[in-house]
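Asks: Next up is a structure, given as structure tokens.
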Amino acid sequence: MSPIPVFDVMNAVGLVAFAVVGSLKASDARLDLLGVSVLGFLTALGGGITRDVLVGRIPAALSGSNDVTWAALGVVLAMVLARIIEERHLLDHPALLVSDAVGLAAFAATGALVGVDAGVSAFGVVVLAALTGVGGGTISDVLLDRIPFVLTEDFYATCAVAGGVVFVTATAAGVDPRTAAVACAAVVFGTRVAALRRGWELPRL
Amino acid sequence: MSPIPVFDVMNAVGLVAFAVVGSLKASDARLDLLGVSVLGFLTALGGGITRDVLVGRIPAALSGSNDVTWAALGVVLAMVLARIIEERHLLDHPALLVSDAVGLAAFAATGALVGVDAGVSAFGVVVLAALTGVGGGTISDVLLDRIPFVLTEDFYATCAVAGGVVFVTATAAGVDPRTAAVACAAVVFGTRVAALRRGWELPRL
Amino acid sequence: MSPIPVFDVMNAVGLVAFAVVGSLKASDARLDLLGVSVLGFLTALGGGITRDVLVGRIPAALSGSNDVTWAALGVVLAMVLARIIEERHLLDHPALLVSDAVGLAAFAATGALVGVDAGVSAFGVVVLAALTGVGGGTISDVLLDRIPFVLTEDFYATCAVAGGVVFVTATAAGVDPRTAAVACAAVVFGTRVAALRRGWELPRL
């Protein structure tokens, strides 16, 4: 999926982290083992699946991608961890938050590249970058009967949108898409970590 | 997208109105600026995106349609208006309700035409007409963690369904699809305005 | 849609049962007639529509399938029944629960066959089998602003997953897909009826 080796590593880290987050949220909401597994897989794979459906591809997650293995690893890891430590403490753990930021960066960058491949507009590229990053968490929150956290208080989707805008601006200025994707990932990760450290929030109307 | 000039105008009015409604609802639900923007865009563009996915097209909204500009205008307009007047008063304003009805009519008519182009069944045409009209609002309500208003008390989706049925009946009787689309839009707009003026509601079981 | 005659019968029984369940849940949630109809159709047809979108087909339900007629029959049946008996009593009726299990079995088996046709991975086949079975109910519960029941307490989606795993294992062992589909349906139906009789539940973490 990703033409740049470092993205393979970031992608794997992100899939595990996203699956852990999804499974822990499901467990915290008292879902059963199937629900915990489904939410783990969906949080990890849902953004990429939605993106692939929008550009008219059979989702990579259904056609033999390794992504499924990493997501499964995350689900199992969450199940083990949840027996040792309380879900809410795990969800706030810095290691998980940073891994999640790595995933957000990789997903946004690969989403932007898929958008370029599919020939969508600049707006479409930003949407696909953001959606690949936050789509899985959004679907999971909807299934958990909550307003998706990305829409309410966290400075999270904004990082993916910023990365998408950087990507679009760079490629419009003649930068190679692969280089632009690295810049995109760096912006997403950097803004996300800064937001976590400094408690950034977007204003309300 | 629309082969009939008046639909271009109606479509633009509707996109602005739908985006205003979505952004105001998001602001009223205390979402942040990103959430307000996302809900505005989704309310305006979500119906057409869902329709395009169902008929196997890359959504027009992602591949360079002007629709995005109109939706953006609506988001900005909502942000300006929400600083002056309270959201709930704006959402009930007759100018917004009529503009919204114009959009519902244009979206249902273009949805029906897309269905004919894609070769779907009569049932499929009615579904696509209604979905193009109400899909964006439905997705937004789901993200706001509410039962979509179109399913509960308003006489709203029923207007789009009625328009779809008129379209299907007319084309089955040999009427040209463009003429049938105008009749569809007229029925949607007429029934929606009548429902607003007279407080129509569907019965419950 | 189904290459095996008995599946046509099971499919029809399931569509009627699923539509009855969806309409009754909507009526119980005080939705109006349109909402009751939409939820009935979506519960019956939503799983197959989602599956078809994922494998890049225009949904059969929109392109002339008889499935729509069976779903319509279920909606009408629910409306008639709901005037006679209270929704909650109907939803627990053994005839409805068994018909629903028949549908779950038929949908999972046809979903697996569609996955094989589309050339997805073994994981993809299991996902499509389960999604065809539970997708409609999941969408309906989301629209009714609930955590989908398949994720929380019932031993329901697990039956479809088990059927999908049996299908994948059998075909990997060289069994003909049609035979494997019959085995899949048998496992889904058998585990679902056993779960109902014995009150099976999955553990939580």
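Positions of Cβ are set from backbone N, Cα and C atoms, glycine also.
Computed from a predicted structure; not experimentally measured.
Just lifted these from TrEMBL, have a look:
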- A:6-24: transmembrane segment (TRANSMEM)
- A:9-82: domain 'Glycine transporter' (DOMAIN)
- A:31-49: transmembrane segment (TRANSMEM)
- A:69-85: transmembrane segment (TRANSMEM)
- A:97-116: transmembrane segment (TRANSMEM)
- A:98-170: domain 'Glycine transporter' (DOMAIN)
- A:122-143: transmembrane segment (TRANSMEM)
- A:155-173: transmembrane segment (TRANSMEM)
- A:179-196: transmembrane segment (TRANSMEM)
Asks: Going by DSSP assignments with H, G and I as helix and E and B as strand, what are the residue counts for the domain 'Glycine transporter' (A:9-82)?
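Replies: Counting residues per DSSP class in the domain 'Glycine transporter' (A:9-82), I get 61 helix, 1 strand, 12 coil.
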Asks: Is the transmembrane segment (A:179-196) packed against any residues at least 6 beyond its ends, judged by a Cβ distance under 8 Å, and which are they?
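Replies: Residues packing against the transmembrane segment (A:179-196) from afar: 4, 6-7, 10, 97-98, 101-102, 104-106, 108-110, 112-113, 129, 133, 154-156, 158-160, 162-164, 166-167, 170-171.
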Asks: How many of the residues that make up the domain 'Glycine transporter' (A:98-170) does DSSP mark as helix, as strand and as coil?
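Replies: Computed counts for the domain 'Glycine transporter' (A:98-170) are 60 helix, 0 strand, 13 coil.
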